[in-house]
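**Student:** What TrEMBL shows for this protein is this:
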ACT_SITE  B:Asp12  active site, nucleophile
ACT_SITE  B:Asp14  active site, proton donor
Protein chains: 2
Amino acid sequence: MKLHERKTIAIDMDGVMADVEPQLIKYYEQLYGITTTLEAINGLSHAEAFPLDAATKASLNLPGFFRTLPVMPGAVEAVKKLMEDYEVYIVSAATEFPLSLFEKLEWLQEYFPFIGWRNIVLCGDKSIIHTDYMIDDHCKNLDYCSGKAIMFNAHHNKHEHQHVRVHNWDEVLNLFETEKSAADLV
Amino acid sequence: MKLHERKTIAIDMDGVMADVEPQLIKYYEQLYGITTTLEAINGLSHAEAFPLDAATKASLNLPGFFRTLPVMPGAVEAVKKLMEDYEVYIVSAATEFPLSLFEKLEWLQEYFPFIGWRNIVLCGDKSIIHTDYMIDDHCKNLDYCSGKAIMFNAHHNKHEHQHVRVHNWDEVLNLFETEKSAADLV
């Protein structure tokens, strides 16, 4: 049996709804005294960009890291707009960082209070998530999604070309406008 | 693309891995001074069994409720056994109760330390979870699952008959033995 009459979208948090890269740079500097820039980490994986943090992921385990992330420009309005036509689920890889769970709920409650608890999924890998669309910045999630994969641009995914790429939330909305027009033609 | 070569099972926590009914009775007594029994709540929904708690679900929002749940008899050994042949995911409706998130991870770490973070999903509704099997005690989850639904017996689901019912973890293992034999014959 199918619950949803509307098509479903899974939307990632870090790197998509939340602007995680400036925060990683800030915490890396605080923890290790090493300053880097968005330009310097362009095209690098997390481990390559932040080598001293690669083994322990200490910065991601610090209280407050996820709670104080800035919102990605345009995300609030765009998610609200998508919810008019789609069933939107927030699907965030979070169980690797136990402290992030509560912080992510609080963060959503602050910036996206119109998203209810029923539509929030905090998980490990995303391989059993089944939606019509998935917006994410990581191939490890998009490669195995059963629906249409949409890659949100990030410095770490510059060299990945197997998925449709969007650079910002305006482009997300344009893409879904096109999807809607195509569906109307059928 | 499909990630798993092995078939997948989604396993619920409360009422399946964790024995939630005695805890509900204990907290109801502490909060409202009313004593009930497993026999008395047989066939009743949560709201019918614990009417004073129905609107606020206060007991489920108390710190410690989920952290101190007893393990369902036989669950540890059975889950371990299933993991030999299947990709097992723990899928728990948890985002309604923000305090439960961290407690559920800690509880799993204590009793099921062999389950990694990649295989844990804390969600709201389970409608976008896609696995070959789902073991759960609630029709609201089983009715919409895309795989084979297995209803774990509970006092609240006594009147629901649309799914295969198991009464304990021995019966779960027997059911999967039968599935395996059937698959071997194909």
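Counting starts with 1 at the first residue shown.
Here the Cβ of each residue, glycine as well, is placed from N, Cα and C on the backbone.
Predicted, not measured: the structure shown is a model, and the values here were computed from it.
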**Student:** What's the most sparsely packed of the active-site residues B:Asp12, B:Asp14, counting other C-beta atoms within 10 A?
**Tutor:** B:Asp12
**Student:** Look up B:Asp12 (active site, nucleophile) in the DSSP assignment and reduce it to helix, strand or coil.
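**Tutor:** Coil, per DSSP.
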